[in-house]
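Asker: Dumping what Swiss-Prot says about this protein:
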type: BINDING; residues: Cys81, Cys86, Cys92, Ser323; note: [4Fe-4S] cluster 1 binding site
type: BINDING; residues: Cys107, Cys111, Cys114; note: [4Fe-4S] cluster 2 binding site
type: COMPBIAS; residues: 360-373; note: compositional bias 'Polar residues'
type: DOMAIN; residues: 93-312; note: domain 'Radical SAM core'
type: REGION; residues: 12-36; note: region 'Disordered'
type: REGION; residues: 346-373; note: region 'Disordered'
Amino acid sequence: MTQPIVRSIPLHVVSNDHPSSSPLQPGVKQSGEDKIGRSPVQFADVPVLRKPSWIRVRIPSGNAVQSLKAKLRENRLVTVCEEAACPNIHECFSHGTATFMILGEVCTRRCSFCDVAHGRPKPPDPEEPISLARTVAEMGLKYVVVTSVDRDDLRDGGAQHFVDCIAAIRQSAPQTRIEILTPDFRGKGRMDRALDILAACPPDVFNHNVETVPALYPNVRPGADYQWSLTLLKRFKAQHPQVPTKSGIMLGLGETLDQVQATLRDLRAHDVDMVTVGQYLQPTSHHHPVLRYWTPDEYKALEEYGMALGFSHVASGPMVRSSYHADHQAKEAGLGFNATVSLGSPAVSSTEHRERHTIASKSASKTESIPHR
């Protein structure tokens, strides 16, 4: 009988001290084994699960993906789609949409699920807001998502840079709706400073992902705090009741149904309007393994459960990600705007956008699987 392949699963947090490790140089990326090897987590072996048939994505033909990548490189911009190895990158890029990642490509955290590189970040690029705004205007985007790495090295966690980007986009593309997907701004006084700064120029949608159930935080999000994230969402909503708030969780990391439902209740109790629920996929063999693949029927049941709690929109499915069809999610939640447009094309209608989503979903079981964080 063939022995099952085994991988490691985090068990508990250990010391952050790594006396044998050389100091990190600013801007140097640590990825895969180098990144997880410095993580304050111990491991135990578990079998590797085979991907089920529903973990599939559509890979469109044509050169739209390369065209968009070229435009991003031309403007020295980064997308989380590329840095986090998102499985939906081909579909989104082929439609001319992307989630821009500001404040560099190096994160100060070492989350065991995430494929973004760890290290000591460089100082924020003061030209980035202008470059981002110019690209958004050139692409004719009507909806844009802006996210960032964690910047625990900055007193405001990067909040001022977010505001600079929002202001620049509104100057160059006043019709564009802006969703920001922020880090947790954890640290003494950092949340207060960040919220004060964001109050000067709030986004159209505020998104912060809790990522997983609280019991798994020590293994999945070392350095983060579940209640802190909930408080950030609630405080922002209290300051800006007219701005929709949003959060997301991944499944397959060892959580139970009861824990997921409790997390959804917590989010709603903290005045979160929209929620995304999707399957975690291991980006490399060095990251947290997948412990379970939730079925499409289970995702559908969670969508119904969430809507019954009072969320204005619940996107729940194996390939759902926080920024995937974010414009559609916001529209369903009542935020009025024209649909996102493709690179160099006229605006698509809401009906056409919905049809594209339906076609992609129907094609999912026939196409190649791409790993994701």
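Placed from the backbone N, Cα and C atoms, the Cβ positions cover glycine too.
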Asker: Taking the recorded [4Fe-4S] cluster 2 site as Cys107, Cys111, Cys114, identify the other residues of that chain whose CB atom sits within 8 Å of the mean position of the site's CB atoms, giving them in sequence order.
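Answerer: Along the chain, the qualifying residues are Arg109, Arg110, Phe113, Asp115, Val116, His118, Val149, Asp150.
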Asker: Which whole number is the mean pLDDT over the domain 'Radical SAM core' (93-312)?
Answerer: 93
Asker: Return the residues near Cys111 ([4Fe-4S] cluster 2 binding site), defined as same-chain residues 6+ apart in sequence whose C-beta is under 8 angstroms from its C-beta, sorted by sequence, else 'none'.
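Answerer: Those within reach of Cys111 ([4Fe-4S] cluster 2 binding site), by Cβ under 8 Å and sequence separation of 6 or more, are Glu211, Val220, Arg221, Pro222, Gly223, Ala224.
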